[in-house]
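Okay, structure first, notes after.
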Amino acid sequence: MVNAGDMNGSGNLMDFLDEPFPDVGTYEDFHTIDWLREKSRDTDRHRKITSKSKESIWEFIKSLLDAWSGWVVMLLIGLLAGTLAGVIDLAVDWMTDLKEGVCLSAFWYSHEQCCWTSNETTFDDRDKCPQWQKWSELLVSQSEGASAYILNYFLYIMWALCFAFLAVSLVRVFAPYACGSGIPEIKTILSGFIIRGYLGKWTLLIKTVTLVLVVSSGLSLGKEGPLVHVACCCGNFFSSLFSKYSKNEGKRREVLSAAAAAGVSVAFGAPIGGVLFSLEEVSYYFPLKTLWRSFFAALVAAFTLRSINPFGNSRLVLFYVEYHTPWYMAELFPFILLGVFGGLWGTLFIRCNIAWCRRRKTTRLGKYPVLEVIVITAITAIIAYPNPYTRRSTSELISELFNDCGALESSQLCDYINDPNMTRPVDDIPDRPAGPGVYTAMWQLALALVFKIVITIFTFGMKIPSGLFIPSMAVGAMAGRMVGIGVEQLAYHHHDWIIFRNWCRPGADCVTPGLYAMVGAAACLGGVTRMTVSLVVIMFELTGGLEYIVPLMAAAVTSKWVADAFGKEGIYEAHIHLNGYPFLDVKDEFTHRTLATDVMRPRRGEAPLSVLTQDSMTVEDVETLIKETDYNGFPVVVSKDSERLIGFAQRRELILAIKNARQRQDGVVSNSIVYFTEEPPELPPNSPHPLKLRRILNLSPFTVTDHTPMETVVDIFRKLGLRQCLVTRSGRLLGIITKKDVLRHMAQMANQDPESIMFN
């Protein structure tokens, strides 16, 4: 942020800093970037390329390549994210079925693929074919009976434990950052925080492999959140290949915002929803250019996944549905009730999960992550197997709950009593009385709902990749389907009631229980994450139900209102605060009447501020100051008496500059004077060479007066992405406010523990 004139050497003294040296402008791990500085550096780089492009054809071609590099990165991210998502979907499909049996004709086929390829499969028994054998048939040649059931049960648990143990071991040994959802950390990184290795190549590889293992193990988690992390790892890898992004942390975050959109695009087959998710939920800085590039990356990712066709239905998702009945105004009441349920479930889940995660962090439980995963997996497998709705994969469960009951459905949920005289088209079956299969399915779903609610609280946050989208949707879909069946039976048996009389005649197809499942899924996901616009768009892209936008909107808004009444934080913000990351949420409001002087350091009774003077300190003085303090940088003043502010020097750049000067510049010794002015100071004869460090000095640090309201200071930090801000009065330095100070003050004002903010 220093202009060209400020960078020139003076006299015949060599200012070695005219040449860039390694690592200048980079940041230390677990520190926040300076957004203004990164923006300024990118503007300087762009100006230089533009001026050079007029010099020769080659420079002009280089400028074109630089302009196109962003689109190339987006293309590569989309291709790799789409390919990885397709591979994960296929592998999960196979390994989930592996817990129950194996295909004899080709062991790498899932149950469905195995029976597709068989010529002996009938429509009525489409799940049974001689090529697919359960483990009991293969090992003891029995498919029915108690011994066969016990053997299958035992092997189901063993496979689940094997997958989970392998996953947690890989994460512990090779990539500790591959655990969890990844979205809280992605949000923090996009706000300008540095977590080295979090988006590294090892994290990408291990997260992809272990994601397949944990989803296949049957644990109550999804792959959608971790796919955002995987896509961001792809974005980080490709941005490191282009100096435009690898050398500028601000530009890199634009790429990561677009990568997050591609991740949601392939997770749900929702390109537009992905872009809106990135904008609404994870991104901190989202210029219009990033919006276009996010759209392109999401498009390429969705196209790649569609080309792989992992579900074999020419759709991007497993649960694509088509309903044939419109919804009616009277149904808004149960939809809003589902929204209330979603908000209450979201609140319950966040509070219980955060309490459990805090217990994990503060007690001995956290020292045994492998044991915790094994115990939770064993409990999940033992309870899940007897219930057909918890035994299958959660995605298949949601798919069945969303489905409309057609004439060809064999599910228990579609076991209605048919009228033998019915001659209706296949897709317009009237409401019918529930048969015994529906009542059995209802109590099994009720048990599955309670189990899912409890087990998800303990599963999310373990040291394995774990997404929350699918379990939340499953909870809502189960509740919604049960409400839907209840409304359907009420309408059938009491069609003369005033609320049904106008729109539900006898023999008509009035109520679609699958629609209630879809609305319930949206409500519960909204209650947990507090998404609104992006959630509704993801849901209608996910299901193809464009006609049902109003019920989805009503449920999403209701769930957010209800959940916000108990606490403003969504699950990701709650985990950010639990981990002590320095995340300044745009949604947080600061309404307290405090001033900058109340927050700045040094406070009354503390040691004075550590500063550098413009031309009176030696190299040894500067090195001693760096060694004795751990501050990120130091204000530079005219002298310690006047304390008139000149600028601000970053700690890391001071260290690098002095180290390079000692190696490359003759005559620089410990008692050399360090100066930040244009001209060297007057020195006695035979003095050692002075060291000019004006190039690393920020001559325009952001300053506020001591009477600036904290409301304004918080806004400045939030909108400009500052690391620190200096407090002055009439040009005289009084103190400094860092991002950490702002966050701690906000926590204190909200009656929270200010010491929970751990990083700079």
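Using N, Cα and C of the backbone, Cβ positions are placed for all residues, glycine too.
Annotated transmembrane segment per TrEMBL: 68-92 (among others), in sequence order.
For the transmembrane segment (153-175), same-chain residues at least 6 beyond its ends with a Cβ under 8 Å from one of its own Cβ atoms are 95, 98-100, 135, 200, 202-203, 205-207, 209-210, 213-214, 216-219, 369-370, 373-374, 377-378, 380-382, 385-386, 391, 462-465. Per TrEMBL, the feature transmembrane segment maps to 153-175 (among others).
As annotated by TrEMBL, transmembrane segment applies to 195-215 (among others).
Among the features that TrEMBL reports, transmembrane segment is placed at 227-243 (among others). For the transmembrane segment (227-243), same-chain residues at least 6 beyond its ends with a Cβ under 8 Å from one of its own Cβ atoms are 69, 72-73, 76-77, 80-81, 84-85, 88, 181-183, 185-186, 189, 199-201, 203-204, 207-208, 211, 251-252, 255-256, 258-260, 262-264, 266-267, 282, 301, 465, 467.
The annotation transmembrane segment is assigned in TrEMBL to 255-279 (among others).
Long-range contacts of the transmembrane segment (332-356) within its own chain (CB-CB distance under 8 A, at least 6 residues past either end) are made by residues 453, 456-458, 460-461, 472, 475-476, 479-480, 483-484, 487, 516, 519-520, 522-530, 550-551, 554-567, 569-571, 574-575, 578. Feature annotation from TrEMBL assigns transmembrane segment to 332-356 (among others).
The feature transmembrane segment is assigned by TrEMBL to 368-385 (among others).
According to TrEMBL, the feature transmembrane segment maps to 441-461 (among others).
TrEMBL lists 468-487 (among others) with the feature transmembrane segment. Counting only same-chain residues 6+ beyond the ends of the transmembrane segment (468-487), those with a CB under 8 A from a CB of the stretch are 181, 220-225, 267-268, 331, 334, 337-338, 341-342, 345-346, 349, 389, 394-395, 397-398, 401-402, 413, 434, 438, 442, 445-446, 448-449, 452-453, 456, 459-460, 511-525, 527-529, 571.
TrEMBL lists 515-540 (among others) with the feature transmembrane segment. Sequence-distant contacts of the transmembrane segment (515-540) (same chain, six or more residues past either end, CB-CB distance under 8 Å): 264, 268, 270, 272-274, 276-277, 279-281, 321, 323, 327, 334-335, 338-339, 341-347, 349-350, 398, 401-402, 468-469, 472-481, 483-484, 487, 546, 548-549, 551-553, 555-560, 562-564, 569-572.
What TrEMBL records for 600-664 (among others) is domain 'CBS'.
Summarising the annotation, TrEMBL assigns domain 'CBS' to 697-755 (among others). Residue counts for the domain 'CBS' (697-755) under DSSP, helix first, then strand, then coil, are 24 helix, 19 strand, 16 coil.
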The transmembrane segment (68-92) vs the transmembrane segment (368-385): 3 or more CB pairs under 8 Å: no
Residues from the same chain, set at least six apart from the ends of the transmembrane segment (255-279), whose C-beta lies under 8 A from its own: 70, 73-74, 77-78, 81-82, 84-86, 186, 189-190, 199, 223-225, 227-232, 234-236, 238-239, 245, 285-286, 290-291, 293-302, 304-305, 315-317, 469, 531, 533-534, 537-538, 541-542
For the domain 'CBS' (600-664), mean pLDDT (0 to 100): 89
